[in-house]
Amino acid sequence: MSGPLVVLVGPMGVGKSTVGQLLADRLGVSYRDTDDDIVAEQGRTIAEIFVDEGESVFRAIEKAAVHRALAEHDGILALGGGAILDAGTRALLAGQRVAYLSMDVEEAVKRTGLNAARPLLAVNPRKQWRELMEARRHLYEEVATAVIATDGRTPEEVTEAALDALELKEA
Ligand SMILES: Nc1ncnc2c1ncn2[C@@H]1O[C@H](COP(=O)(O)OP(=O)(O)O)[C@@H](O)[C@H]1O
Ligand SMILES: O=C(O)C1=C[C@@H](OP(=O)(O)O)[C@@H](O)[C@H](O)C1
Ligand SMILES: [Mg+2]
C-alpha cells in the first residue's frame, strides 16, 4: 500500500496532532500534519487565513496541502478536522489505513472550548461542535478503517488503542 502508514481523521481537538506524534514515535516513523504544512507554506496561522480570506479559500489551500501530503508522506499523517469535506480527498483516502479518532460533545468542549486558534468554534462551541458533527460524522465513518474512542483516555491510552485497532507492531 503506498501513501502514509496511517492517516488520522476526526473533529477538532480530538487529539489527531497529539496522538499522531505519539504514534510516529512508537512506530519509529516520521510525523506530518497538514495544518502545519499550510502554516509553513502560507506564513500565517490557520485563524489568520480564515479571517483574511474566509473558509472557502482555506479549504482550497487545505485540499492542495492534503493531496500533496498523501502523495509524498509515508509515515503518520494527521489531517485537519474538515479535510474530509472534500470529495476528492475522500476518494484518495479509499484504500488507505485511516483511523477516525472520536469523542462526544462534552469531551470536545473540554479540549477546544477556550481555544481561539480554532475559528470554527470561537462562538458557542457546544452548539457549533454538534452542528459540525451532524454534517461530518458520516464522512469520518465513510473514510475510516478503524474508529478509536478517545473519551476519558489519555493521549498515551489513545495511542495504545490505535496500535491495537490498526494491528500495527512497534519498531
Ligand atoms: N486524549 C486526550 N485527553 C485530553 N486532552 C487531550 C487528549 N488528546 C489531546 N488533548 C488536548 O486537546 C487539545 C487538542 O489536541 P490536538 O492534538 O491539537 O487535536 P486535533 O489535532 O485533533 O485538533 C490539546 O490541548 C491537547 O493537549
Ligand atoms: O475542523 C475544521 O474545519 C478545522 C480543523 C482544524 O484542525 P484540527 O482538526 O487539527 O484542529 C483546522 O484545520 C481549522 O481550524 C479547521
Ligand atoms: Mg491538529
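Yeah, the Cβs are placed from backbone N, Cα and C, and that goes for glycine too.
Record features (TrEMBL):
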- GLY13, VAL14, GLY15, LYS16, SER17, THR18, ARG118, ARG153: ATP binding site (BINDING)
- SER17: Mg(2+) binding site (BINDING)
- ASP35, ARG59, GLY81, ARG136: substrate binding site (BINDING)
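A map of TrEMBL features onto the structure.
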{"residue": "GLY15", "record": "ATP binding site", "contacts (Cβ under 8 Å, 6+ apart)": "LEU101, ARG111, THR150, PRO155, VAL158"}
{"residue": "LYS16", "record": "ATP binding site", "contacts (Cβ under 8 Å, 6+ apart)": "LEU8, VAL9, GLY10, ASP33, ALA78, LEU79, GLY81, LEU101"}
{"residue": "SER17", "record": "ATP binding site", "contacts (Cβ under 8 Å, 6+ apart)": "ASP33, ASP35, ALA78"}
{"residue": "THR18", "record": "ATP binding site", "contacts (Cβ under 8 Å, 6+ apart)": "PRO155"}
{"residue": "ARG59", "record": "substrate binding site", "contacts (Cβ under 8 Å, 6+ apart)": "GLY82, LEU85, ASP86"}
{"residue": "ARG136", "record": "substrate binding site", "contacts (Cβ under 8 Å, 6+ apart)": "PRO11, GLY81, GLY82, ILE84, LEU85"}
{"residue": "ARG153", "record": "ATP binding site", "contacts (Cβ under 8 Å, 6+ apart)": "ALA161"}
Q. Can you list which of these binding-site residues (VAL14, SER17, ASP35) have a Cβ closer than 6 Å to ligand 3?
A. SER17, ASP35
Q | Local Cβ density at GLY13 (ATP binding site) - other Cβ atoms counted within 10 Å | A | 24
Q. Same-chain residues six or more away whose CB lies under 8 A from the CB of VAL14 (ATP binding site)?
A. GLY81, LEU101, SER102, MET103, ALA108, ARG111, THR150
Q) Which binding-site residues of THR18, ARG59, GLY81, ARG136, ARG153 contact ligand 2 in the sense of C-beta under 6 Å? A) GLY81
Q. Other than its own, how many Cβ atoms are within 10 Å of the Cβ belonging to GLY81 (substrate binding site)?
A. 24
Q: Quick one: of the binding-site residues ASP35, ARG59, ARG136, flag those whose CB is under 6 Å from ligand 1, and say none if nothing qualifies.
A: none
